[in-house]
Amino acid sequence: MYIDVKPLYTQIRSELLKRIEKLRREPKLVVVTYKPDSSTISYLRSQEKSAKRFGLDYEIIEGKTPQHVIKLLRSFSDDEEIDGIFVTHPLPDVDEMEVFENLDPRKDIEGRHPYNLGMLAYGEEFFAPCTAEAVIKILESYTEIIGKNVVIVGRSNTVGKPLSLMLLRRDRSATVTVCHTKTKNLSEFTKKADIVVAAAGRPELITKEMVKENAVVIDVGINVTENGIVGDVAKEVSDIAKVTPVPGGVGKITTVLLMEHLVKAAERINF
Ligand SMILES: NC(=O)c1ccc[n+]([C@@H]2O[C@H](COP(=O)([O-])OP(=O)(O)OC[C@H]3O[C@@H](n4cnc5c(N)ncnc54)[C@H](OP(=O)(O)O)[C@@H]3O)[C@@H](O)[C@H]2O)c1
């Protein structure tokens, strides 16, 4: 079966609308991208739609070189009209840490600055990466996490690694295993998991044989293929487990959380 994330989306959305009404001006989000791939372009499209729906100011700017990206981030960090800055991932041929050090952590609404990522180790999630936070919110609204065996497939700084820290927080206390391309016998890990989070960016990597019956499977993948957008989890997994759909699952919650982070940044600046 599929997990319906709409009630969670509706709840986040209605709370957010009330907060937006109280702001003195329209919050502004600037997206800085560099050589965006097809999944990034697809993600930005849904971001833009969502920003418009909430009446938020949204602009995309493409950097010409890595140095140009850094220059843009410095100037947007100093610009008082801009509340939040989102830098797309991946950034080909770029040292991401060097880039993010040039971003004001108070405007880092995707939680990629070393300060915001480091805060996760202390259990502080003011700006956690939105996709990792979306996975947490879906799990918290759907199932018990404490004591569960969670296997995350993928160790990126935007999803796998921050998510592992967030799941280890004492109030969540999951037992976490993080897998990657050097993991031997991936299915041995996923088969034992109560919860599988697939964040590898590989179409239909997780098959029915790799998942135990009734497991909760969170599909983070957004893969643009000739058959349209597909996740990292094969369709037939939903015959035996509870799976988030792609599209309309993690991505839906991620996008609304990014808007929530923008409003949080604007509230901090405006009050
Ligand atoms: N739904 C959303 O809102 C949302 C948001 C962001 C990203 N995404 C999607 O989520 C996916 C992952 O994104 P990302 O930015 O984390 O990707 P990424 O930076 O490319 O990282 C992918 C991770 O998956 C691991 N991996 C790749 N192939 C694997 C395999 N066959 N077996 C085991 N591990 C494997 C990689 O291992 P190594 O470290 O060993 O290379 C790496 O750690 C993409 O499809 C992306 O489009 C979705």
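In case you wondered, yes, glycine gets a Cβ from its N, Cα and C as well.
For 3-110, the entry in TrEMBL reads domain 'Tetrahydrofolate dehydrogenase/cyclohydrolase catalytic'. The DSSP breakdown of the domain 'Tetrahydrofolate dehydrogenase/cyclohydrolase catalytic' (3-110) into helical (H, G, I), extended (E, B) and coil residues amounts to 53 helix, 17 strand, 38 coil.
The feature domain 'Tetrahydrofolate dehydrogenase/cyclohydrolase NAD(P)-binding' is assigned by TrEMBL to 129-268. Shown for the domain 'Tetrahydrofolate dehydrogenase/cyclohydrolase NAD(P)-binding' (129-268): DSSP residue counts in helix, strand and coil, namely 54 helix, 28 strand, 58 coil.
Here TrEMBL flags Gly154, Arg155, Ser156, Ile222 as NADP(+) binding site. Note: Ile222 (NADP(+) binding site) has non-local neighbours Ser39, Ser42, Tyr43, Gly201, Ile229, Gly231, Val246, Pro247, Gly251, i.e. same-chain residues 6+ apart with C-beta under 8 A of its own C-beta.
Take the CB of Arg155 (NADP(+) binding site) and look out to 10 A: across all protein chains shown you find 18 other CB atoms. Cβ neighbour count for Gly154 (NADP(+) binding site) (all protein chains, 10 Å cutoff from its Cβ): 23. When other Cβ atoms within 10 Å of the Cβ of Ser156 (NADP(+) binding site) are tallied across all protein chains shown, the result is 19. In the predicted model, the domain 'Tetrahydrofolate dehydrogenase/cyclohydrolase NAD(P)-binding' (129-268) shows an average pLDDT of 97.
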